[in-house]
Amino acid sequence: MGISTPNSAIIGHVRSTRQAFTFESLKQRLLPTVALSGPLLWIIPLAVTLLAGLLRFINLAHPHMLIFDETYYVKDAFSLLQSGYEREWADDSDAQFIAGDPQLTTDSSFVVHPPLGKWLIGIGMLLFGDFNGFGWRFSTALFGTLSVLLVTLCARLLFGSHILAGIAGLLMAIDGHSIVMSRTALLDIFLMFFVLAAFYALLKDRIHGRTQLARKLSVPRGNRPDEFLLGYGPMLWWRPWRLVAAVMLGGAVGIKWSALSFVAVFCIMAVLWDFAARRTAGIHHWQRAAFTRDGIYSFFTMIPLALLTYLSTWTGWLITAGGRYRQWAEENPGDGVSWLPAPLRSLWHYHQAGYEFHTGLSSEHGWQSSTWTWPFAGRPVLFYFEGYDQGVNGCDLKRCTEVITDLPNPLLWWACSISMFLLILWWIGARDWRAGAILSSAVAGFLPWLMYPERTMFFFYTLPLVPFMILSLTYMIGRFIPREPNSGLVYRSRIIVVTLVIALFLVTSAFFWSIWSGEMIADELWRLHVWIPSWG
């Protein structure tokens, strides 16, 4: 059940053995984790994905109003569907919008996030209607559900265990932070999905690339590769999963610019894996070879493809004439980046204005939070709150409340935060690449926010971290439980501990479900959910 442990393989420079460069030997060194098979390959991912879908789609249309920043993104999505770019709205237009009377003006709007997330929200509105909550929340619920599937698949590739993959998927499925953001038409769930999809693609690329390396470097038993080939290793031209990762990263930046940190970290991480692969295979000049044959090639394939993907998300703005700053280049012929075509010069100016907004945003907000409170879930955002007296709107108690807050499952969140600290210690001691991959991904999602401490920030900015926090906890669970089952007391007791902890997480999620979904509950019950004053 526990996490797979790499075999004791030849690490580093391999000089001379009769079997060192057979395909089987190379693959054992490069990919020591045994590939999984059997019906559990699809049963476990399907089960946790169905559970996730149930929790994200049930009563999705409630509440029938635009909550929190839905007032921006849903109406922007409608505007994109109408004209290809965002337009201004009349003041206090939310009520008219949900009543089917959109008060959309002809003036362009200055928005500070790229269009892709709003286009995705718009797809749900096209399918199920513009003016109902199910339509504008459909895409976020779908992408949130698919994210649970991706976490399960990533865990399987990382840990080589059906059970650990199922645990990761289950924990992701029942986490309140992910549930609430999947049930709300904001952008962050799309950002999480594309980042996670890029991570999954890089894990697949790691397997594909190392298999190619083993195949191209291998020779029959007792032979030795050509000296030049052994000196630098083969060129690995075809890396389809790396291209998929580049597209996903470009899509992530097309949701929010905060994904740029993931672009940098993931590209570096992929090349470091290439360094390690050539070293483990026994290539003499593995550092120089990895830099020239993997690093440079990856840069000139991944970065341009990610950039093209990102630019494609602006297609609606580029092919129309009315978007904000769309005519800036024509109106300012001597300004800006003069060598760019006029549409791209205007787009560059738009980006400069957007960057100035983001870095200068420091207005006070009642639900803002500091980055240092995020590991403790110190200030989740209250998206929706309605109170009813007895006899009003179906309330049969003295006082009823409907609440939606992006509070995570607190016990699960705190356990994940502790596991991240333990993972740092484990990586320092063991140098396990899996620990490094999870940690570096979490760093990519957290550290950039520390660069702008005066900026107004919210707890839901942590959403891209959630999959990696779940994977961190799953990793530590795998280390806690021995890989091979046995009848010993220690093994049985550890299984019982893990089972009880997961059961506690499930019970806690059941308790908090009402304030993740906006169910009507007694006002006293709402107050029982506020364990920390800053939650309420």
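Just so it is clear, glycine is given a Cβ too, placed from its N, Cα and C backbone atoms.
Because TrEMBL annotations are produced automatically, they should be read as predictions rather than curated entries.
Here is what TrEMBL records for this protein:
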- 47-206: domain 'ArnT-like N-terminal' (DOMAIN)
- 344-535: domain 'Protein O-mannosyl-transferase C-terminal four TM' (DOMAIN)
- 40-58: transmembrane segment (TRANSMEM)
- 148-173: transmembrane segment (TRANSMEM)
- 185-203: transmembrane segment (TRANSMEM)
- 243-275: transmembrane segment (TRANSMEM)
- 296-319: transmembrane segment (TRANSMEM)
- 411-428: transmembrane segment (TRANSMEM)
- 435-452: transmembrane segment (TRANSMEM)
- 458-481: transmembrane segment (TRANSMEM)
- 493-516: transmembrane segment (TRANSMEM)
Top Cβ-contact partner of the transmembrane segment (411-428) among 40-58, 148-173, 243-275, 296-319, 458-481 (pairs under 8 Å):
458-481
Run the contact check on the transmembrane segment (243-275) against the transmembrane segment (493-516): 3 or more C-beta pairs under 8 Å, excluding pairs closer than 6 in sequence.
no
Would you kindly check 185-203, 296-319, 458-481, 493-516 and say which stretch has the most C-beta pairs under 8 angstroms to the transmembrane segment (148-173)?
458-481
Taking all residues of the domain 'ArnT-like N-terminal' (47-206) together, what is their mean pLDDT?
96
For the transmembrane segment (435-452), what are the same-chain contacts with Cβ under 8 Å, counting residues 6+ beyond its ends?
158, 195, 199, 203, 258, 260-262, 264-266, 268-269, 358-359, 371, 374, 420, 423-424, 426-427, 461-462, 464-465, 468-469, 471-472, 475
